[in-house]
Each structure stands twice: as structure tokens, then as C-alpha cells.
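Colleague: From Swiss-Prot, here are the annotated features:
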BINDING   GLY315, GLU316, VAL317, GLY318, SER319, GLY320, LYS321, THR322  ATP binding site
DOMAIN    302-477  domain 'Helicase ATP-binding'
DOMAIN    514-673  domain 'Helicase C-terminal'
REGION    44-171  region 'Wedge domain'
MOTIF     397-400  motif 'DEAH box'
Amino acid sequence: MASLSDRLDRVLGATAADALDEQFGMRTVDDLLRHYPRSYVEGAARVGIGDARPEAGEHITIVDVITDTYSFPMKKKPNRKCLRITVGGGRNKVTATFFNADYIMRDLTKHTKVMLSGEVGYYKGAMQLTHPAFLILDSPDGKNHGTRSLKSIADASKAISGELVVEEFERRFFPIYPASTKVQSWDIFKCVRQVLDVLDRVDDPLPAELRAKHGLIPEDEALRAIHLAESQSLRERARERLTFDEAVGLQWALVARRHGELSESGPSAAWKSNGLAAELLRRLPFELTAGQREVLDVLSDGLAANRPLNRLLQGEVGSGKTIVAVLAMLQMVDAGYQCALLAPTEVLAAQHLRSIRDVLGPLAMGGQLGGAENATRVALLTGSMTAGQKKQVRAEIASGQVGIVIGTHALLQEAVDFHNLGMVVVDEQHRFGVEQRDQLRAKAPAGITPHLLVMTATPIPRTVALTVYGDLETSTLRELPLGRQPIATNVIFVKDKPAWLDRAWRRIIEEAAAGRQAYVVAPRIDESDDTDVQGGVRPSATAEGLFSRLRSAELAELRLALMHGRLSADDKDAAMAAFRAGEVDVLVCTTVIEVGVDVPNATVMLVMDADRFGISQLHQLRGRIGRGEHPSVCLLASWVPPDTPAGQRLRAVAGTMDGFALADLDLKERKEGDVLGRNQSGKAITLRLLSLAEHEEYIVAARDFCIEAYKNPTDPALALMAARFTSTDRIEYLDKS
């Protein structure tokens, strides 16, 4: 007998287990049984002459005679052969290709009747199967020959003719699994049946009252029904239970991480009424909003505790997150600690340095003429600095002269040593992973875990906050400071109203004549950046192409500058400095300006091919304007028809400035895998059944259960549920994205 935690090689043997591990990363019985079917076939119906052509990706079964065969060497292994066979003829002619085919060429010969089963594809209108499962029918020796999985079913049927074998397949119910050319759906089904035949009854890790509350069937019944139940209603109930399991596994992983951090010692730093933080509050030329004061109080209390703070601060573009973070960092500096602010780009890091020095004034001039008596110093460390500059900044960090250091990934290098690191602030968290923020926290003194504040201007739906950022407490700033100007957003459907695009260029000229500035944003840098070009789809605008055209055509009378991610750091700094100083009227750019760029005089943004951007991305871009004293306008130009899904998305962005509402819409539009990102090895982190957009009730209930259950963790089955979210040699932590 077997349990869920048993290794597959003990149950299936080394050959099958190794194949499942290599193709899908399955190592335990639990791994295999949670590889759920993606569809079901009520009898393996044959594709015949009168049938409608199946869709690409559909699982089909074909019974026909081989009319042609062709063998050829494999490209990477010339000593091995590939075999291509053709079955049937006319409209439903199908070709099937087999790799490493030396061992099957004697079976798959011309005029042989064969059953093929696999996913159909198309090439130039012709149906194709790639390494399908096969079974030879009516072989001369009377024995069944073919793929092991189909052969075992045929042997078990004890049919005495090929037609009776086919009838057996047509009678039976089969699940269809996500598969590969090396391990096909039939192979997986055979392994699943073999495992379920010897699986001990699975004890349920969820209490009966929780199952009853949500109408969930027992774990043992669900794991068997999802694979074997012929009743659709029972399979649906199994999916509901296993979806809840996934929510529990995910939350257990996050709660475990959170508890691990809470057991560590944090640097206690109480608020000082005579410190730098209090002095900055007195000097600010504006009043904090009620929301900012509330968040600052929460942060201040957390920093004063002897446990590390782990908090996510999210807020609308321009809601004032940075000043709250600066006040929190100064509270740590007042207690003798250093703070590190990690930014995803050099442009954003330089912007933070400038704005923090500006707001601190003499409070950031420690050791300098004109500096306040208890002033600190603020430094910048980026990869593009010269070796001498980096060496000097590293020395100042190591000596403790610098209280706040702002940097990019350069802060993570081994050469960077802190004198007394007490707090890490990560801006735009979605650009970093858990490993990177932990790498920076590890630079603190032995026995101390620095406080962590993660900031994002990308509003996060509740279900994402409970999953991707589930190991962090959450604070939200919704209120915008007084003085923020309204931003009118309009969609230009160029095919319908080409004159509107001409009017957009004139609007930019008018704003420049009034002394104001504009952004023109493109989705690509140049023609070599073809990530969004598809057959039959109009290529999108490029920053370099627009820059070249506009300065000699529509905007020839204005001063233009170009900025994108492939420019050198010096060129980017020069373009940004000229734009900030008012020496440039229009900045033609890519999304390199998506976060952190603050030019109050910019009042117009024209986004070309806006349908190529995500909903949240457009909202972020729009936040670069409306920062000064003048009303602003954002124009979204697109060549898609208004009534398409892409056109409707653009209208949704234009219809609201509520980033949280747009974030919910963005989540519904995207796949969960896109939300969760990829792990460090590049494998997509996806949810199998759980939907962040549809299963909020399950996620909240699972979180509440895990928080309570973790106080006295006794059932190892809960940790097993969480294994694929925590196992460092497979998926890594879920939020390492």
C-alpha cells in the first residue's frame, strides 16, 4: 500500500517515475494525483469521414489504415530515426510523427490498421499528431502491440479482434491530462490508476466543521473522483474540494514564512520627539493627509517593537507613499540604524535621491557646511557609477557615515557592507523577488532581522494581496494630497477618427507654446524589439521610429529628446535632466518612465498603440502627469476597433481614475500565472484550480483556517499541501516573482 508522501519510484518503478520527474517535476504520489485532468472523454470517440474537423489542441482518437510511411534521421541525433506515417485520405488525412522511432518502425508499416490517440495540430490546413499513443489492430500474431498505456487497456479487455478492442475504448470513460510528447495522457492515466489501486485511505487534514461550512467532500473521495468518477456532478464536487486544498496549501506556505519571521529579533527604534523624523514633520511645507498620518502611526509602532516589521504599503500614484517611507527611515536613523531603499531602475533611484535630499534639506547634510546639528547623509549606489564612485560610497556605508542609501541591484553585491542596517524599503515590489529582498536584509548585524517596508504604486486586488504578498501586513493610501490636478483621459480610435490623432499632435504643440511639456510613449524601442509582432497584426510604434519621424514632421517645431532602456545611464540621465529643466518640450520614450519620474510641468501624455499595454501599466503611465498646478490630459491612441475586447479595456481605463477598480479588472483579464510571475529558474508559477479572480471566499477562509491551525501545527498533511509552494528545489516560494 502507499501514502501521499511516498516516492513514485517505490510505487511505479524507476522508469515511469523518472519520466514523470523529468517531464513534470513529479516525485511523490501527491504530486501525481494533483496533476489534474484538463478534460474528460466519455468514450474515446473516433474521428470519421463525416465528423467536423477538431480544434487544434483537442484530444482525438483515429482508427484507420496506414497509407504511407517515411523515415528520416533526427537533427540532433543523426543515428536515431524519426518516423512519419499517414493514415486515411482526403479531408481527414492525418500525419503522425514519432521520435526515436527505431523500435516501432517494424510495427507501423504500410497497410497496417492502427489506432492513434493524441492532441491534434494543424500545418497548412492538414491535421497532425506528434508522437501520439498508438495500438496496432488485428496484428498477424494476434497480440496487442503499441504504446504501453493503450496496450494494457487492450490486454485487459481480452477482445479477440481489433474492432472489439476499438469498441472497448469507445465504451469507456477517460480523463485527458496535460501531457508531453514523451509522457502522454494515456501514460499518465495508467500511472494514476496504478497509484490509486494501492493508495491507503487518505486522512482528511481539514476539520469536519470547516468542510461542512463550505460543502466540501472528504479529501480521499475528491482525489479519487477527480481522476476516475464518470459522474460529472461528482467530478465538479471533487474540483471544489481540491480548489480549496490549493488555497489552503498556498496560505499555509505564506503563514509559515510569516511565523518564521515573527520569531526573529528586530531592531527596536522608538520615535524621538527631538529626532530627525520629528524635525522633518515640523519643517514640511504641507500637511500630511489623514491616511498618511494613520499609516505613519502604524509604521512607527512597528519600528519600535522588537520583532521585524513586514509591511506592504500600497497606494495610488501620487498618494504620498515616499514621504511616509522617509519619515519611517528617519525614525530608524534616530536610533542609530541605517536604511536601504531598493529601486528597480537607475532612473527611479536617482529620482528618489533628488526628492529625498530636497525634502530633507539641511537634515541630509551631515558633516557638511550648513547641515543641521544632528543631520544624516543620503547616498546613491548604482551599477553605472564608476569604480571609484562606488568604492567611495561603499566606504561611507561601511563606516556608518550614510544613514540612508538608495540603490538598484548594486546594493545586493557582496562588496556592500553596512555598519548597522536596520530597515529595508523596497520600491515597486513586483520588480523584485523574496530572495532579493532577503539578500539585502542579510547584511544586517548577526542576530538582527531588519524591518521591511515594501511599496507599490500598482494597486493590488485583495486576493492578490492575500496570496502573492500574503506574508506581509498591508496598509493602503487611497486619499490623494491636496493640489493634485485632475487628469482627463480620452481614447483615440485612429481607424475610425484619424483626424483625432492629428488633433493630438496639435494639442501637444499648444501645451508647449504655453510653456508646458509632454510625453509620447511607445510600446517598443525599435524594430528589433518584436515581442508583440504577430502574423497579420500591424507592428506597433517604436520610440526610435517616432523620435525620428516627429522631429522632422508633426512636432518639427518643438524640442524633442529620446529615452528608453537600452540607452547608457549617462544618456538617460542627460535626457531626463534636460526634460526636468525645461530644455526639452517632448520626451519620446518607452515604459522606462512608468514609475518614479516626477516632472510637475508635464501636462500631456500620448500613448501610441495603447492596446499593447496592460490596464495597470496604462494607469501607472498616466500617473506621470497631473503633478503640477495645471490640469492634464492623457490620450490613448489605438488602431483596434472600439468594440473589440482591447478597445473596451482602453475605454475602461479612460472611464475611471480609481486604480483599485482597474486592478480588479486587470486581474480578471489576465491569467493567474501572469499575476504570480515566474520563479528563479524561469518556470511559470501557476495555480491549477484556484482562481484569484473567482475564489476570494476560498482564499479568505483558507487564510483564516491556516492562521488558527498554525498555532498548533500537528497534521503533516497541511505541509504536504503547501509543498509545491515552498519546496526550494522545485517551485521556490510563490511570491519569488
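Heads up, residue numbers simply count up from 1 along the chain you see.
In case you wondered, yes, glycine gets a Cβ from its N, Cα and C as well.
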Colleague: So what pLDDT does the region 'Wedge domain' (44-171) average out to?
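Modeller: Value for the region 'Wedge domain' (44-171), mean pLDDT as a whole number: 80.
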Colleague: Count the Cβ atoms, other than its own, that fall within 10 Å of the Cβ of GLY315 (ATP binding site), considering every protein chain shown.
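Modeller: By my count, 26.
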Colleague: Counting only residues 6+ apart in the same chain, whose Cβ is under 8 Å from the Cβ of LYS321 (ATP binding site)?
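Modeller: Listed in sequence order: LEU313, GLY315, MET455, ALA457, LEU477.
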Colleague: Identify all same-chain residues not among GLY315, GLU316, VAL317, GLY318, SER319, GLY320, LYS321, THR322 whose C-beta atom falls within 8 angstroms of the centroid of the ATP site's C-beta atoms; report them in sequence order.
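Modeller: After dropping the recorded site residues, what remains is ALA457, LEU477, LEU480.
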Colleague: Run through the region 'Wedge domain' (44-171) and tell me, per DSSP, how many residues are helix, strand and coil.
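Modeller: Final tally across the stretch: 26 helix, 50 strand, 52 coil.
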Colleague: Can you break down the motif 'DEAH box' (397-400) into helix, strand and coil residue counts using DSSP?
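Modeller: Here the numbers are 3 helix, 0 strand, 1 coil.
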Colleague: On the three-state reduction of DSSP, what should I expect for GLY315 (ATP binding site)?
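Modeller: The three-state answer is strand.
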Colleague: Applying a 10 Å Cβ distance cut-off over all chains shown, what neighbour count does GLU316 (ATP binding site) have?
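Modeller: For GLU316 (ATP binding site), the count of other Cβ atoms within 10 Å is 22.
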Colleague: Hey, what's the Cβ neighbour count for THR322 (ATP binding site) at 10 Å?
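Modeller: Cβ-Cβ neighbours of THR322 (ATP binding site) within 10 Å number 23.
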Colleague: For GLY320 (ATP binding site), just count the other CB atoms lying within 10 A of its CB, please.
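Modeller: That number is 20.
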Colleague: In terms of DSSP three-state secondary structure, what is the assignment for LYS321 (ATP binding site)?
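Modeller: For LYS321 (ATP binding site) - judged by DSSP and reduced to three states - the answer is helix.
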Colleague: When a 10 Å sphere is centred on the Cβ of GLY318 (ATP binding site), how many other Cβ atoms does it contain?
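Modeller: I count 20 other Cβ atoms within 10 Å of it.
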Colleague: Take the Cβ of SER319 (ATP binding site) and count every other Cβ within 10 Å, whichever protein chain it belongs to.
Modeller: 25
Colleague: State the count of C-beta atoms found within 10 angstroms of the C-beta of VAL317 (ATP binding site), not counting that atom itself.
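Modeller: Taking every protein chain into account, the count is 23.
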